[in-house]
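Under the heading transmembrane segment, TrEMBL lists 12-28, 55-73, 80-101, 107-127, 148-166, 178-200, 212-232, 244-264, 276-294. Residues or ranges marked as region 'Disordered' in TrEMBL: 302-334.
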Amino acid sequence: MDQMSSDNINGLILAVSSSIFIGSSFIIKKKGLKKAGASGVRAGEGGHGYLYEPWWWAGMITMIVGEVANFAAYAFAPAILVTPLGALSIIFSAVLAHFILQEKLHIFGVLGCVLCVVGSTTIVLHAPHEQEIKSVKQVWKLAIEPGFLVYSAVILIVVLVLIFYYEPRYGKTHLIVYVGICSLMGSLTVMSVKAVAIAIKLTFSEMNQFKYFQTWIFIIVVTVCCILQINYLNKALDTFNTAVISPVYYVMFTTFTIIASMIMFKDWASQSGLKIATQLCGFVTILSGTFLLHKTKDMGNSASGRGASSTPRDNPVFTSPGSGRSSTSDKIAS
(Lines of atoms letter the chains of each structure in order from A and count residues from 1; the text may use other names and numbers.)
(Lines give C-alpha, C1' and ligand atoms only; values in the text may rest on other atoms or scores of the structure.)
Protein backbone atom coordinates (compact mmCIF):
# COMPACT_ATOMS: atom_id res chain seq x y z
CA MET A 1 0.00 0.00 0.00
CA ASP A 2 1.36 3.43 -1.00
CA GLN A 3 1.58 6.16 1.58
CA MET A 4 -1.37 8.56 1.48
CA SER A 5 -0.59 11.98 0.02
CA SER A 6 -1.01 15.09 2.16
CA ASP A 7 -3.87 16.24 -0.11
CA ASN A 8 -5.70 12.94 0.35
CA ILE A 9 -5.25 13.21 4.11
CA ASN A 10 -6.65 16.77 4.08
CA GLY A 11 -9.56 15.62 1.92
CA LEU A 12 -10.18 12.67 4.23
CA ILE A 13 -10.24 14.87 7.34
CA LEU A 14 -12.64 17.33 5.67
CA ALA A 15 -14.90 14.53 4.36
CA VAL A 16 -15.13 12.82 7.76
CA SER A 17 -15.71 16.18 9.49
CA SER A 18 -18.45 16.88 6.97
CA SER A 19 -20.15 13.56 7.76
CA ILE A 20 -19.99 14.27 11.51
CA PHE A 21 -21.54 17.73 11.12
CA ILE A 22 -24.21 16.64 8.62
CA GLY A 23 -25.13 13.50 10.60
CA SER A 24 -25.37 15.54 13.81
CA SER A 25 -27.44 18.24 12.10
CA PHE A 26 -30.29 15.77 11.39
CA ILE A 27 -30.60 14.97 15.08
CA ILE A 28 -30.31 18.57 16.24
CA LYS A 29 -32.93 19.71 13.72
CA LYS A 30 -35.27 16.86 14.66
CA LYS A 31 -34.94 17.83 18.32
CA GLY A 32 -36.02 21.35 17.35
CA LEU A 33 -38.90 19.98 15.26
CA LYS A 34 -40.11 17.87 18.19
CA LYS A 35 -40.02 20.83 20.57
CA ALA A 36 -41.89 22.99 18.06
CA GLY A 37 -44.46 20.24 17.41
CA ALA A 38 -45.11 19.82 21.13
CA SER A 39 -46.25 23.42 21.47
CA GLY A 40 -47.84 24.05 18.08
CA VAL A 41 -48.59 22.71 14.61
CA ARG A 42 -46.06 20.14 13.46
CA ALA A 43 -43.91 20.84 10.38
CA GLY A 44 -45.36 17.81 8.58
CA GLU A 45 -48.83 19.36 8.95
CA GLY A 46 -47.78 22.74 7.56
CA GLY A 47 -46.59 24.44 10.73
CA HIS A 48 -43.55 26.73 10.81
CA GLY A 49 -43.07 27.03 14.56
CA TYR A 50 -39.66 25.37 14.22
CA LEU A 51 -38.35 28.66 12.78
CA TYR A 52 -38.51 30.04 16.32
CA GLU A 53 -36.65 27.10 17.82
CA PRO A 54 -32.91 27.67 18.55
CA TRP A 55 -32.32 23.92 18.25
CA TRP A 56 -33.55 23.90 14.65
CA TRP A 57 -31.32 26.83 13.69
CA ALA A 58 -28.37 25.17 15.43
CA GLY A 59 -29.02 22.14 13.24
CA MET A 60 -29.16 24.29 10.10
CA ILE A 61 -25.85 25.98 10.97
CA THR A 62 -24.29 22.58 11.67
CA MET A 63 -25.48 21.29 8.30
CA ILE A 64 -24.08 24.35 6.48
CA VAL A 65 -20.70 23.83 8.17
CA GLY A 66 -20.79 20.20 7.06
CA GLU A 67 -21.63 21.08 3.46
CA VAL A 68 -18.80 23.65 3.36
CA ALA A 69 -16.36 21.01 4.64
CA ASN A 70 -17.64 18.56 2.00
CA PHE A 71 -17.20 21.22 -0.70
CA ALA A 72 -13.64 21.87 0.46
CA ALA A 73 -12.82 18.15 0.52
CA TYR A 74 -13.24 17.96 -3.26
CA ALA A 75 -10.45 20.53 -3.67
CA PHE A 76 -7.97 18.10 -2.12
CA ALA A 77 -9.06 14.51 -2.70
CA PRO A 78 -10.52 12.56 -5.64
CA ALA A 79 -14.28 12.10 -5.78
CA ILE A 80 -13.86 8.33 -5.43
CA LEU A 81 -12.53 9.00 -1.90
CA VAL A 82 -14.83 11.85 -0.83
CA THR A 83 -18.24 10.78 -2.18
CA PRO A 84 -18.54 7.27 -0.63
CA LEU A 85 -17.56 8.69 2.79
CA GLY A 86 -20.91 10.47 2.81
CA ALA A 87 -22.30 7.20 4.17
CA LEU A 88 -20.58 7.98 7.48
CA SER A 89 -23.16 10.71 8.13
CA ILE A 90 -25.79 7.94 8.29
CA ILE A 91 -23.77 6.23 11.04
CA PHE A 92 -23.39 9.37 13.15
CA SER A 93 -27.07 10.16 12.68
CA ALA A 94 -28.15 6.62 13.70
CA VAL A 95 -25.87 6.49 16.75
CA LEU A 96 -26.88 9.95 18.00
CA ALA A 97 -30.55 9.13 17.44
CA HIS A 98 -30.07 6.01 19.58
CA PHE A 99 -28.68 7.98 22.55
CA ILE A 100 -30.38 11.39 22.21
CA LEU A 101 -33.78 10.69 20.64
CA GLN A 102 -34.14 7.18 22.09
CA GLU A 103 -34.66 5.78 18.60
CA LYS A 104 -33.25 2.35 19.36
CA LEU A 105 -30.64 0.92 16.99
CA HIS A 106 -31.37 -2.71 16.08
CA ILE A 107 -28.54 -5.24 16.13
CA PHE A 108 -28.68 -5.34 12.31
CA GLY A 109 -28.37 -1.55 12.34
CA VAL A 110 -25.16 -1.92 14.35
CA LEU A 111 -23.95 -4.44 11.75
CA GLY A 112 -24.80 -1.89 9.04
CA CYS A 113 -22.66 0.73 10.82
CA VAL A 114 -19.76 -1.73 11.04
CA LEU A 115 -20.05 -2.52 7.32
CA CYS A 116 -19.99 1.20 6.46
CA VAL A 117 -16.85 1.73 8.57
CA VAL A 118 -15.10 -1.31 7.04
CA GLY A 119 -16.01 -0.23 3.50
CA SER A 120 -14.92 3.37 4.12
CA THR A 121 -11.60 2.22 5.59
CA THR A 122 -10.98 -0.01 2.58
CA ILE A 123 -11.56 2.86 0.16
CA VAL A 124 -9.42 5.28 2.17
CA LEU A 125 -6.47 2.89 2.33
CA HIS A 126 -6.53 2.24 -1.43
CA ALA A 127 -7.68 5.63 -2.76
CA PRO A 128 -5.78 6.98 -5.79
CA HIS A 129 -3.53 10.02 -5.51
CA GLU A 130 -5.03 13.27 -6.75
CA GLN A 131 -3.17 14.62 -9.78
CA GLU A 132 -1.56 18.01 -9.24
CA ILE A 133 -3.62 20.80 -10.79
CA LYS A 134 -2.14 24.29 -11.10
CA SER A 135 -4.92 26.03 -12.99
CA VAL A 136 -8.64 25.69 -13.60
CA LYS A 137 -7.71 25.55 -17.29
CA GLN A 138 -6.34 22.06 -16.61
CA VAL A 139 -9.73 20.98 -15.29
CA TRP A 140 -11.41 22.56 -18.31
CA LYS A 141 -9.10 20.62 -20.61
CA LEU A 142 -10.12 17.39 -18.86
CA ALA A 143 -13.81 18.36 -19.14
CA ILE A 144 -13.68 18.87 -22.92
CA GLU A 145 -11.89 15.63 -23.73
CA PRO A 146 -13.99 13.32 -25.98
CA GLY A 147 -14.60 10.72 -23.26
CA PHE A 148 -16.20 13.12 -20.79
CA LEU A 149 -18.05 15.03 -23.53
CA VAL A 150 -19.68 11.77 -24.63
CA TYR A 151 -20.54 10.91 -20.99
CA SER A 152 -22.05 14.40 -20.45
CA ALA A 153 -24.06 14.17 -23.69
CA VAL A 154 -25.45 10.75 -22.75
CA ILE A 155 -26.37 12.00 -19.25
CA LEU A 156 -28.16 15.07 -20.63
CA ILE A 157 -30.07 13.05 -23.22
CA VAL A 158 -31.21 10.50 -20.61
CA VAL A 159 -32.21 13.29 -18.18
CA LEU A 160 -34.23 15.09 -20.89
CA VAL A 161 -36.01 11.84 -21.79
CA LEU A 162 -36.78 11.24 -18.10
CA ILE A 163 -38.08 14.80 -17.62
CA PHE A 164 -40.20 15.16 -20.76
CA TYR A 165 -41.37 11.59 -21.38
CA TYR A 166 -41.20 9.44 -18.25
CA GLU A 167 -41.79 12.04 -15.50
CA PRO A 168 -45.31 13.08 -16.66
CA ARG A 169 -46.33 9.42 -17.09
CA TYR A 170 -44.51 7.53 -14.33
CA GLY A 171 -43.03 10.15 -11.98
CA LYS A 172 -45.64 9.71 -9.26
CA THR A 173 -45.57 5.91 -9.34
CA HIS A 174 -41.92 5.01 -10.06
CA LEU A 175 -39.28 6.38 -7.69
CA ILE A 176 -36.50 5.60 -10.18
CA VAL A 177 -37.62 8.53 -12.38
CA TYR A 178 -37.09 11.32 -9.83
CA VAL A 179 -34.06 9.71 -8.22
CA GLY A 180 -32.56 8.97 -11.62
CA ILE A 181 -32.75 12.63 -12.64
CA CYS A 182 -31.14 13.73 -9.36
CA SER A 183 -28.40 11.10 -9.49
CA LEU A 184 -27.45 11.63 -13.13
CA MET A 185 -27.28 15.41 -12.76
CA GLY A 186 -25.52 14.95 -9.43
CA SER A 187 -22.52 13.35 -11.13
CA LEU A 188 -22.10 16.46 -13.31
CA THR A 189 -22.65 18.66 -10.25
CA VAL A 190 -19.81 17.01 -8.33
CA MET A 191 -17.38 17.37 -11.25
CA SER A 192 -18.20 21.08 -11.51
CA VAL A 193 -18.09 21.51 -7.71
CA LYS A 194 -14.63 19.98 -7.72
CA ALA A 195 -13.53 22.45 -10.42
CA VAL A 196 -14.90 25.44 -8.46
CA ALA A 197 -13.34 24.16 -5.21
CA ILE A 198 -9.96 23.85 -6.94
CA ALA A 199 -10.35 27.37 -8.33
CA ILE A 200 -11.05 28.76 -4.84
CA LYS A 201 -8.14 26.80 -3.35
CA LEU A 202 -5.71 28.16 -5.99
CA THR A 203 -7.10 31.69 -5.61
CA PHE A 204 -6.36 31.58 -1.87
CA SER A 205 -2.83 30.54 -2.85
CA GLU A 206 -2.52 33.88 -4.70
CA MET A 207 -3.24 32.38 -8.12
CA ASN A 208 -6.50 34.08 -9.09
CA GLN A 209 -8.64 31.66 -11.09
CA PHE A 210 -11.73 33.86 -11.36
CA LYS A 211 -10.17 35.82 -14.19
CA TYR A 212 -10.73 32.80 -16.43
CA PHE A 213 -14.12 32.35 -18.11
CA GLN A 214 -13.89 28.60 -17.49
CA THR A 215 -14.33 29.12 -13.74
CA TRP A 216 -17.59 30.99 -14.29
CA ILE A 217 -18.88 28.31 -16.66
CA PHE A 218 -18.30 25.71 -13.93
CA ILE A 219 -20.14 27.96 -11.44
CA ILE A 220 -23.11 28.26 -13.84
CA VAL A 221 -23.20 24.46 -14.31
CA VAL A 222 -23.16 23.94 -10.51
CA THR A 223 -26.03 26.42 -10.06
CA VAL A 224 -28.23 24.94 -12.81
CA CYS A 225 -27.60 21.33 -11.77
CA CYS A 226 -28.26 22.08 -8.08
CA ILE A 227 -31.57 23.80 -8.84
CA LEU A 228 -32.65 20.83 -10.98
CA GLN A 229 -31.58 18.33 -8.31
CA ILE A 230 -33.36 20.17 -5.48
CA ASN A 231 -36.56 20.40 -7.52
CA TYR A 232 -36.78 16.69 -8.32
CA LEU A 233 -35.49 15.55 -4.94
CA ASN A 234 -38.30 17.54 -3.30
CA LYS A 235 -40.79 15.83 -5.63
CA ALA A 236 -39.37 12.45 -4.66
CA LEU A 237 -39.54 13.23 -0.93
CA ASP A 238 -43.12 14.46 -1.29
CA THR A 239 -44.20 11.31 -3.13
CA PHE A 240 -42.24 8.39 -1.69
CA ASN A 241 -41.09 7.03 1.65
CA THR A 242 -37.92 8.78 2.84
CA ALA A 243 -36.51 5.50 4.16
CA VAL A 244 -36.61 4.14 0.61
CA ILE A 245 -35.36 7.26 -1.16
CA SER A 246 -32.20 7.71 0.94
CA PRO A 247 -30.41 4.41 0.17
CA VAL A 248 -31.50 4.28 -3.49
CA TYR A 249 -30.40 7.88 -4.07
CA TYR A 250 -27.10 7.28 -2.27
CA VAL A 251 -26.32 4.20 -4.37
CA MET A 252 -27.19 5.81 -7.71
CA PHE A 253 -25.60 9.18 -6.95
CA THR A 254 -22.34 7.65 -5.69
CA THR A 255 -22.14 5.17 -8.58
CA PHE A 256 -22.56 7.81 -11.28
CA THR A 257 -20.19 10.20 -9.50
CA ILE A 258 -17.45 7.57 -9.38
CA ILE A 259 -17.99 6.79 -13.09
CA ALA A 260 -17.84 10.51 -13.99
CA SER A 261 -14.69 11.02 -11.92
CA MET A 262 -13.07 7.94 -13.46
CA ILE A 263 -13.74 9.30 -16.96
CA MET A 264 -12.88 12.98 -16.35
CA PHE A 265 -10.02 12.85 -13.85
CA LYS A 266 -8.84 9.33 -14.78
CA ASP A 267 -8.59 8.41 -11.08
CA TRP A 268 -7.82 4.76 -11.84
CA ALA A 269 -5.32 5.31 -14.67
CA SER A 270 -2.29 4.94 -12.41
CA GLN A 271 -3.69 2.13 -10.24
CA SER A 272 -3.39 -1.64 -10.52
CA GLY A 273 -6.37 -3.90 -11.11
CA LEU A 274 -6.06 -5.21 -7.55
CA LYS A 275 -6.41 -1.73 -6.01
CA ILE A 276 -9.36 -0.90 -8.24
CA ALA A 277 -11.07 -4.18 -7.31
CA THR A 278 -10.39 -3.50 -3.61
CA GLN A 279 -11.98 -0.04 -3.86
CA LEU A 280 -15.02 -1.51 -5.60
CA CYS A 281 -15.34 -4.12 -2.84
CA GLY A 282 -15.16 -1.32 -0.26
CA PHE A 283 -17.88 0.57 -2.12
CA VAL A 284 -20.15 -2.50 -2.26
CA THR A 285 -19.55 -3.04 1.47
CA ILE A 286 -20.68 0.54 2.19
CA LEU A 287 -23.77 0.04 0.02
CA SER A 288 -24.63 -3.15 1.95
CA GLY A 289 -24.25 -1.35 5.29
CA THR A 290 -26.34 1.60 4.08
CA PHE A 291 -29.22 -0.62 2.93
CA LEU A 292 -29.07 -2.64 6.14
CA LEU A 293 -29.20 0.53 8.28
CA HIS A 294 -32.22 1.91 6.44
CA LYS A 295 -34.01 -1.44 6.22
CA THR A 296 -33.81 -1.98 9.98
CA LYS A 297 -34.09 1.61 11.18
CA ASP A 298 -37.52 1.05 12.77
CA MET A 299 -36.91 -2.47 14.10
CA GLY A 300 -35.26 -1.30 17.32
CA ASN A 301 -38.31 0.75 18.32
CA SER A 302 -40.76 -2.01 17.37
CA ALA A 303 -38.75 -4.57 19.34
CA SER A 304 -38.66 -2.42 22.47
CA GLY A 305 -42.33 -1.59 22.38
CA ARG A 306 -44.26 -4.34 20.72
CA GLY A 307 -47.79 -3.35 21.13
CA ALA A 308 -48.98 -0.93 18.58
CA SER A 309 -47.71 -2.71 15.52
CA SER A 310 -45.78 -5.81 14.65
CA THR A 311 -43.35 -5.13 11.84
CA PRO A 312 -42.82 -1.91 9.91
CA ARG A 313 -44.61 -1.79 6.61
CA ASP A 314 -42.32 -2.66 3.73
CA ASN A 315 -42.65 -0.23 0.85
CA PRO A 316 -41.59 -1.25 -2.66
CA VAL A 317 -38.36 0.32 -3.86
CA PHE A 318 -39.31 1.55 -7.31
CA THR A 319 -43.06 2.19 -7.07
CA SER A 320 -45.20 4.09 -4.60
CA PRO A 321 -47.80 2.23 -2.56
CA GLY A 322 -51.45 3.19 -2.45
CA SER A 323 -51.86 6.94 -2.61
CA GLY A 324 -48.18 7.46 -3.30
CA ARG A 325 -47.74 9.72 -0.28
CA SER A 326 -45.18 9.28 2.47
CA SER A 327 -46.31 9.49 6.06
CA THR A 328 -45.97 12.59 8.19
CA SER A 329 -43.37 10.90 10.36
CA ASP A 330 -41.27 10.12 7.29
CA LYS A 331 -41.29 13.74 6.20
CA ILE A 332 -40.35 14.96 9.64
CA ALA A 333 -37.52 12.46 9.81
CA SER A 334 -36.13 13.88 6.60
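Placed from the backbone N, Cα and C atoms, the Cβ positions cover glycine too.
Predicted automatically and left uncurated, TrEMBL annotations should be read as such.
Owing to the predicted nature of the structure, the values given are computational and were not obtained by experimental measurement.
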Cβ contacts the transmembrane segment (80-101)/the transmembrane segment (212-232), at least three under 8 Å, sequence gap 6 or more: no
Taking the transmembrane segment (244-264) as the first stretch and the transmembrane segment (55-73) as the second, find out whether 3 or more Cβ pairs fall under 8 Å, excluding pairs closer than 6 in sequence. no
Other same-chain positions with a Cβ less than 8 Å from the transmembrane segment (178-200) and lying at least 6 residues past its termini are 71-72, 74-75, 79, 83, 133, 136, 139-140, 143, 148, 152, 155, 158-159, 162-163, 167, 171, 209-210, 214-215, 218-219, 221-222, 225-226, 228-229, 232-233, 235-236, 239-240, 245, 248-249, 252-253, 255-257, 259-261, 264-265
Spatial neighbours of the transmembrane segment (148-166) not adjacent in sequence (6+ beyond its ends, CB under 8 Å) are 142, 174, 177, 180-181, 184-185, 187-188, 191, 256, 259-260, 263-264
